[in-house]
Structure formats: structure tokens, C-alpha cells
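The feature compositional bias 'Basic and acidic residues' is assigned by Swiss-Prot to 1-10, 735-770. Swiss-Prot lists 18-32, 156-179, 193-214, 227-243 with the feature compositional bias 'Acidic residues'. Look at Swiss-Prot and you will find 268-296 tagged as motif 'Q motif'. As annotated by Swiss-Prot, domain 'Helicase ATP-binding' applies to 299-473, with the evidence given as sequence analysis. Look at Swiss-Prot and you will find ALA312, VAL313, THR314, GLY315, SER316, GLY317, LYS318, THR319 tagged as ATP binding site, backed by sequence analysis. Taken from Swiss-Prot, the feature motif 'DEAD box' covers 421-424. The feature compositional bias 'Basic residues' is assigned by Swiss-Prot to 785-801.
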Amino acid sequence: MAPKRNRDDDFVLTLSDNEGEDLTNVIEEELPLDPSSNKKRKRNDDIASTKKSKKSKKKSEDEDVEEEEIWGIKDADDGAMDSDFEFALEADGKGGADLEEFEGWGFDGAKKGLNGGDKKAVDIDEIIARRREKKKATGKKGEAEDEVIAEKEDVVASDEEQDAPEEMDFEDEDDEFMAEDGFGMGAGSAEESGAEEDSEASDNEGAEDDDSDNDSVASPAPHPDDAASEASDDDEDIDEDPEEAAKREAFFAPEEKPVKGAKPELNSTFQSMSLSRPILRGLATVGFTQPTPIQSKTIPVALLGKDVVGGAVTGSGKTAAFIVPVLERLLYRPKKVPTSRVAILMPTRELAIQCHAVATKLASHTDIKFCLAVGGLSLKVQEAELRLRPDVIIATPGRFIDHMRNSPSFTVDTLEILVLDEADRMLEAGFADELNEILTTIPKSRQTMLFSATMSSSVDNLIRVGLNRPVRLLVDSQKSTAGTLTQEFIRLRPGREGKRMGYLLYLCANVYTDRVIVFFRQKKEAHRARIIFGLSGLKATELHGSMSQEQRIKSVEAFRDGKASFLLATDLASRGLDIKGVDTVINYEAPQSHDIYLHRVGRTARAGRSGRACTIAAEPDRKVVKAAVKASRTQGAKVVSRVIEASEADSWSEKVDEMADEIEEILKEEKEDKILAQAEMEVRKGQNFMDHEAEIKGRPKRTWFESEKEKLAAKKLGMEELNGVVGGKKKGKLSNKDKKKLDDKGERLEGRVWKKGRQERDGKGVLAKEKGKKKVKGGKPAGLGKKKAMKPMRTGGAKRR
């Protein structure tokens, strides 16, 4: 017969801290055991009791030992405390977490998207090492031949010594020192000693001048054009265009005026901004303890969903200023259906990869997904990620449009936030067409945020972006540098522009020897400098647009990890790139504009650290140097002038000239290696086409919104923005002033040319004498007569006698 069920059996009992013993007693009372198994149960209970007694003795001994130790030191996590709870560690009394120093941003997010394959890039270091090995091999052969010749000479000399008499033995001391009255000895000794004294004195004076120049504030040399340009600049500052000011007032949202008697809101900490705990944990992970001025101003406004136009100096934390509010808003998104809601556009691939690394670190304690869509990485990998509808897409404009037109799983109808980093560059001619294509496709009702260190104040450019009464947040004065930056200028006198590479090599070999970025205007100059640095024994790597994405990532990582001391780059690396520990920036020549100069020198002196920027400037760079010095003086930044001895620069220039043939041979060998690699790639491409012909032909053709001609025109405009008009000014009718300049230039190149004087114009002088010499005895001029000269010459007949 089944046991009788209790009425309370249907209830599910809960456990509490004080009900453990009572509940076990109740269960034992309500569930009686079968009487047939009582004997067996008793035996088992006896055995268990003996085991329990032994265990209890051991436990009592262990408890006695544990009482002597610190309580809880060896306990595992029992889940009693919330895992998200954090203790606020005090660091120097400021409330910041005392964390380990953050190591910097990596390129791990981009590596998974690199195109796989066995494509091997041409390595300059390998070519230089190969040539050195060949030289060593040939040198060893030459040394062996010299040793054989020397041995033969020694044998002949020993035979002669044996035949010579003993009186002919010479002392070594007489061989080392010649007599004072010998040939050439003592001649001009006074002059030489005087010259040595003068040189020593001049060296001491030069050293004093260098010390004084390094510590003195540079004053630009007076120039006839400076006065007029300064006057025009002052007029522009004073007479602001009232129409532009009215446009600006109507376009931007009015500034919030503080209420009288109310305390101003100070967002001195991230906790005071009411950010979520996962975001605060992400900020602590990367070592952000206190918000920068641009962050404390931008984050509260961006959290309200308003459009923002932000500007601050380089290295002030603008990336985190727009990523933190984006992540905070995404924490409260609907999560049932995955949707792409944010697009962040960058002008360069490296900047987008870095922004992806920053966003991933800050969102490491959330479930927000990111996708990196930049050129040079695998399209298939990016399409697979976009198919999962990531929350944030970080991209360059070209690849974003490519996916927008050719990836069927990617839609932009759900975008709610658009961010343009380095917005002034994005609004320039090179990116204008691509940006217009994106803005006309994405939804109009969105939040738009623009950030840059040199933010444009032109309302016409900002209207194109579709901003809706944006809030203007400019922390620092426009076109200013970091306060911890020291700017140096090296002036090249007229006629010494060709020695520029000598000055650069002297700086890199003797003054700035590690953690240096050198900027060039053109890719070919950066590549040639890379070869010269390799031949000079300086560890360098290059970064420019002619390199593949894999090469570019490897170059930046080699410089970041300390494998290379110098990064030779074009303006590709001038914007946004944050590499930890960059001490110095050198401008091989001044850039096209002051804005580009600010971005270049902003690669150092970031986040409160000190740094130096050195510019090698010639006469054509006067305009940019003058603007930089004027802005720095207005700001109160330190500007110094560095003087390098001409002899030092000349010696390095001579070394470069000696390398000219070897540089050309290396370039030729590199070109041959590239042609071979290209041929191998074409062979593999043809083989793949033969193996997968049906699949390749079945793929839909990729489309673009511009023709090839329009793409080339846009590319040309972008180059002109960076380097100016390549072909010079457009040809037109020359003024008399320009003609005079050209004539003077031609005379300087040709040397002094004889001109007519007053006597020659009056028919006298040298010309009259020359005319008299040309006449013959009969008074007729020499040469053919008039009628004879008019006759045509025979072509086929017999010769006249």
C-alpha cells in the first residue's frame, strides 16, 4: 500500500538562513523508510558515523589552524557579492583608480580582416642586406688577393735584406720622424697654428651661439612682404565679415547662459556625468580617470541627442568624447532585433583602425558589437560581419559606399547617429563627392557629431552635412598647439635647399635619435629617404599610400614596438594617429598650410606629455613658418631657433651624394622584384579563373557612383589640398613685372651678357668696327650677291667650275 501523501507536498518550500535544520527534520518525519531495509540502513549508518567522526576530528584540527591565519584569504568566490561591484581606490587623493599604465592601442581588430595569401611584399632591408653580403664577399676576395701580393713582397724584401750589408740598418725612430728642415716641414707653420687657433675660437663661439639659440625665442627675419601680409592679417582679424557672423548666429544653437545665483555644473569626474557602470569600468580599463575639457563639455550634450560641432587641440581625447556618449545611448537600445545604429567615418585607414581599438576597449564590459570596414582588408570578412548587423560601423568613406551599393545584407535605413572625425578634412575637395553620396542616402532624422583640431568655421560647409541647430563646443582657441610642445625651426639660406637631406641626417644621427616621426610631402621622397636611412645604419620604417595595408600595419607596429627608431611618413599619418612615446616630429619641409602643420606636430606632446617639433624651412616655406610662429606667440607656446653648422650638413650631404649610384641600383632591384611579384600574382589569378570560372562569372559586377574620370579628378583635387597645385599656376598673360623677373632669372643662369651702350645705339663703338671688318677691297660686302643669293641651287647637275 502506498504511503499516505501529505497535503503540503504540493507546495515548493523555500530556503532561508535559519530554516536548514527544521526543514531536514520535517522531511525526515514525513518520509518514513521501508521497515524491511532498517537493518541494512543501520549498518550503513554505523559505518558512516565512524567516517564522520574521523572527518570531524580532521575538520576540528583544520579549523584550529585556520583561526591562526587571516580570515578569507584562501576562500573562493561564493557569489555572495555582486561581481560588478568596484571599490573606488584613492590615487593621490584625487579619486582615480591606481591602475597599471595603459600600453596603447593595437591593430588586432584589423589583422583578422587582412587578405590571406602568399603574396610577399618587397622588403628594402632584405635588398640592402643582400647587397652588403655581396660586397663582403667581393671584399673578402679582394683582401685574399692583397694578402697574396703582400706575401710576395715580403719574400722579396727579406731576400734583399739578406743581401744588404750590416751598416745599412736603420732605426725605427728615424723612420717615424722627419727632420725639421725637410721638404714641406715648417712651411707655413705659423699660418696653420693661427688658423687652428681661429677655428678653435670660432668653434667655441659657435657652441655659445648654439646654446643661446636653443634657449632664445625665434624672431622671424624681416622680409619686404612681411609688413604687408601682417597688415592684411590684422585687417582680417579686426574686420570680421558681418554676413558670415549672422549666418553663424542663425545656424548654431544659442549658448546657454548661466543663471544668476545658480552653481555652475562641473563635470569634473566621469561619475558625475551619470554614466552606466559598464562604461565606467571600460574607462577604468584604459586608464581614463579624469575627463578632459572637451570630454566634460561634449558628453552631457551628446547624451541629450543634440548635434555637436567640437574642436580641441590634438591629443585632447576627442575620440573618447564621442565614443562614450554613443556607447551610453546604445546600452538602452532595443535588443530583440539586431540593428546597425551608428556610423563613424574617418579619412584614413589607420585612424579608423585606431578608433575601432579605442571603442572595443571602452565597450569591453558591454554587449555592443563593432564592425571595421576600411579599404585594404578582406571584403568577404567585412560582409560576413555586416550580415550580423553590428551596432557600430567604423569605416572610411570609400569602403562604406562600396558596401552600401554592393553588399545586399547591409542597409543604412536604421542609422541613428553619424560621427565625422577629422571633419575639416572630410569636408575638403578630395572627400566631398563621397561624403555627399553618403549624406544623401542615410536618414535625415539622425544625430550628427563633427570633431577636429582645426574645425572649419565656414557655415556653408557645415550646412552640407545636414546639421540641425548644432551646439558649438570649442575648448581651445582655433589653430593652437598643445601647451607642452616646443617648436624648433632650422632656416636654410638661399642656395642650400639641396642640402636638406644632410640636415635631416645630422638631426637623426646626433640630436633626435629615437621615437621620431619624419613627415614628407610626397611618397617618393619618403621612400628615397627610407633607402638612405637604411644605407646610413639608421633603423627606419615608412608609411605612405603606395604600401599595402599589411605593410602599413607592420610599419606602424614596428615603430610602436621599438624595432624602428624613425617613422618616415606622408600626411597619411598626420591626422589622429596616437602612438605612445613619440618624442619628436621632424618636418622635412614645411607643409602646404598651417592646418596641416598643426596636425603633423600634434603627433607628439599628447595627453599632457612633452614633445618637440622641428621644421627644416627654406624661403618658399616662409608663409607657413610665419603663421606658426605668430599663432604660437599668441598662445604663449615656446618657439626656438636651432642653428646647425654648415660643415656638418655638408659632410652628410656628401655622403648622400656618394650613395646616389647605390640608391639607383636599389630602386632598380626593387622595381624588378615588384615586377616578378606582379607576374606571379597574375599567374595565380589566371589559374584561379580557370579553376573557378563559373563561380567568378556568376558574381554580380561591383558598381560605383562615379566614373573613372570623375574619380581621377577627385583624387587630383585631394592632392592639391595637401601639396598645392602640382603644375604651378595656370598659364596666362604675363605682366611686365613677371616678365622682368623671368629675364632677371635667365640672366643669372646664363651669366653676364653684353648689352648695347650709347655709342652702339649712335652707330659708333664696337658694332661700327665689326661692320668695317666685314667689307672687302672693292667695297662690296662679303658673301653672295643679291641676285646670286636669290638663285635656287642645283640638286642633280654637274658642279660649276
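Backbone N, Cα and C define each Cβ position, glycine as well.
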Indicate the candidate from VAL313, SER316, GLY317 with the smallest number of other Cβ atoms within 10 Å of its Cβ, considering only these binding-site residues.
GLY317
Within the motif 'Q motif' (268-296), residues counted as helix, strand or coil by DSSP:
16 helix, 0 strand, 13 coil
Mind checking how the motif 'DEAD box' (421-424) divides into helix, strand and coil residues in DSSP?
2 helix, 1 strand, 1 coil
Sorted by sequence, non-ALA312, VAL313, THR314, GLY315, SER316, GLY317, LYS318, THR319 residues with Cβ within 8 Å of centre, ATP:
THR292, ILE294, ALA321, ALA453, ARG606
Looking at Cβ-Cβ distances, which residues of the chain lie under 8 angstroms from GLY315 (ATP binding site) while being 6 or more apart from it?
ALA482, ASP578, GLY602, ALA605, ARG606, ALA607
Return the average pLDDT for the domain 'Helicase ATP-binding' (299-473) as a whole number.
93
Give me the long-range Cβ neighbours of ALA312 (ATP binding site): same chain, 6+ apart, Cβ under 8 Å, in sequence order.
THR292, PRO293, ILE294, LYS318, ALA453, LEU474, VAL475, ASP476
